[in-house]
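Here is what TrEMBL records for this protein:
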BINDING   A:Arg210, A:233-234, A:247-251, A:264-271, A:Asn285  FAD binding site
DOMAIN    A:4-190  domain 'Electron transfer flavoprotein alpha/beta-subunit N-terminal'
Amino acid sequence: MSEVLVLVDHVDGAVRKPTYELLAIAKRIGSPSAVFIGGADKADAVASAVKGYGADKVYVVDDAEIKGYLVAPKAEVLQQLAEKSSPAAILIPASGEGKEIAGRLAIKLSSGLITDAVDVQVKGEDIVTTQSVFAGNFTVDAKVVKGTPIIAVKPNAAAPEQGDGAGAVEQFAATISDAAKTAQIVAAQPRQATGRPELTEAAIVVSGGRGTGGDFAAVEGLADALGAAVGASRAAVDSGWKPHTFQVGQTGKVVSPQLYVANGISGAIQHRAGMQTSKTIVAVNKDEEAPIFELVDFGVVGDLHTVLPKVTEEIEKRKG
Amino acid sequence: MTLSNIVVLVKYVPDATGDRKFEADNTVDRVGVDGLLSELDEYAVEQALQIKEKRSGEGGEEITVTALTVGPAEAEAAVRKALQMGADKAVHVQDDAIAGSDAVATSLVLAKAIEKIGVPELIIGGLASTDAGMSVVPAMLAERLNLPQVTLAAVVETQGDQVRIKRDGDTATEVIGGTLPLVLSVTDQSGEARYPSFKGIMAAKKKPLDALSLADIGVDASEVGLDAAWTQVEETSARPPRTAGEIVKDEDGSGATALVEFLASKKFI
Ligand SMILES: Cc1cc2nc3c(=O)[nH]c(=O)nc-3n(C[C@H](O)[C@H](O)[C@H](O)COP(=O)(O)OP(=O)(O)OC[C@H]3O[C@@H](n4cnc5c(N)ncnc54)[C@H](O)[C@@H]3O)c2cc1C
Ligand SMILES: Nc1ncnc2c1ncn2[C@@H]1O[C@H](COP(=O)(O)O)[C@@H](O)[C@H]1O
């Protein structure tokens, strides 16, 4: 069975959930080979983690020489691994950096690239991807018709599947050109843990907009009662009420949870682009004319500062 | 290294507030919908102008900002807007054969056009096209021109031949440094884009706008366009409209009670 390369998404050896989702997709296509580019001392832990989600092979690429450089060296690593293993496909997490790695790799391998896949299925001979475009108003099914399919996959595109793969570890010594060692990470400030689920991974997202007036207490209270992630509109981010990493929308995160609760958010097209594929949508807004109400399964016309605390209180009461 | 030339990549896209759709061949309908300079590329133009203004003021450097677009005849509007904002020159690569190109082909045309007009010290792109936005063209261009990339910048600073940016990654906020020449891309966090002034609009009419064909830049028609695309769209479908939901007015807490009932009925609590 052909190998399918999966680039492991990790922070200092802590494997992130999208990796497991990619492994589940890889199994549909062939034999999953995880590619870990990182510290040699973390290799064992990573190998056993990805084995547990079906990796048959784990390529370990020691990053001592390339740590601190952006994008280009990782594209070279994948190019060399692809030339060695002739994979059926290469799956990469659709993060900012992941997509750029995929872009450079596509040129190197003269292969077609599909980004932001929300689903990947094998249909006959083809690997068919699904994307959500035009602010979520359309879905597009596509396939790669030249070279090795390179697919950047969005979080939540598949459910992780536990179950051991063969997990054979292979050290891979890539040759990195000096030209790839250019853009350098001068400083990095790791994101602070919020104690809440990751925005793009959460089953429920509770967001606040300009209508919060900067006071997110009611939004966060409801989020915690529901075990949800907290999101924000760009207006709230631009006002400095929440960091940019909270932003939902065209130029923020695209989320597709089971439940999205928009509070004090008008529902501009750029915000919709980030949330309108959510399964169930709820909004609380003072203005009954707010466009967000066109999207909702359930809407409350009212002041979020009075409605949300009551909702939270009632939920807590029911949870007992 | 002194900075003498900046090329800004600007794309002409269907208006996001209009009724965007696909053609029968599954390419984006670029004619039936009003188009404009991609909002996200306005931020790239803005950064180019800010860098020019700052460095010509402080260092006395003479910097030419060239707006470059690849697109149909209508795409001239995109470079025109960039000229009105303050870019000095514009280049429009237009050829019927380009229609339906994917990012790979677009990056090829951009690379060849840039080689034709002269590789500048700095190339600036936007975060993503607002139509098929992949956020990959700047990285692909860097790959093709064998240049470093410092991309997705929320904050940009340049000094001499050094460029420093701040970018919000998924797991960390990073400061990234690179040395000119390089490819930069900026997000909508990088600073509000200016509106063209009346003076700017008038001045733009006299600025040079060159049209280039594929032959002019040495790209064979077989390398671009829908037939040459390395990916193929099988099917496009409009998402079914959401069914009208229930909307209640909150009166003395009734809204909260109704919302809790709704959430419970959907098993969220
Ligand atoms: C290039 C570009 C990219 C963009 N990207 C994004 C993006 O990624 N994400 C994004 O969100 N936006 C984005 N925007 C901005 C977008 O156009 C809107 O400006 C923004 O979403 C508005 O945020 P808002 O709904 O919080 O604010 P507003 O539009 O001001 O709406 C506030 C709402 O709160 C309601 N309200 C006020 N007080 C209360 C109260 N006490 N209780 C209940 N309701 C109340 C009001 O009725 C109103 O509907 C982008 C814009 C551009 C040009
Ligand atoms: N046809 C084009 N002409 C000029 N610049 C483009 C074109 N397509 C993409 N770009 C640039 O590349 C950036 C990212 O585009 P994309 O990878 O399509 O999301 C855009 O913001 C533009 O700066």
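Keep in mind that glycine also has a Cβ here, set from the backbone N, Cα and C atoms.
The binding-site residues A:Ile265, A:Ala268 differ in how many other CB atoms lie within 10 Å of their CB, and the one with the most is A:Ile265.
When the C-beta distance to chain B is held to under 8 angstroms, the binding-site residues A:Arg210, A:Gln247, A:Gln250, A:Ile265, A:Ala268, A:His271 reduce to A:Gln250, listed in sequence order.
Ranking the binding-site residues A:Arg210, A:His271 by the number of CB atoms within 10 A of their own CB puts A:His271 at the top. Minimal Cβ crowding within 10 Å, among the binding-site residues A:Gln247, A:Gln250, is found at A:Gln250.
Summarised as a single figure, the pLDDT of the domain 'Electron transfer flavoprotein alpha/beta-subunit N-terminal' (A:4-190) averages 96.
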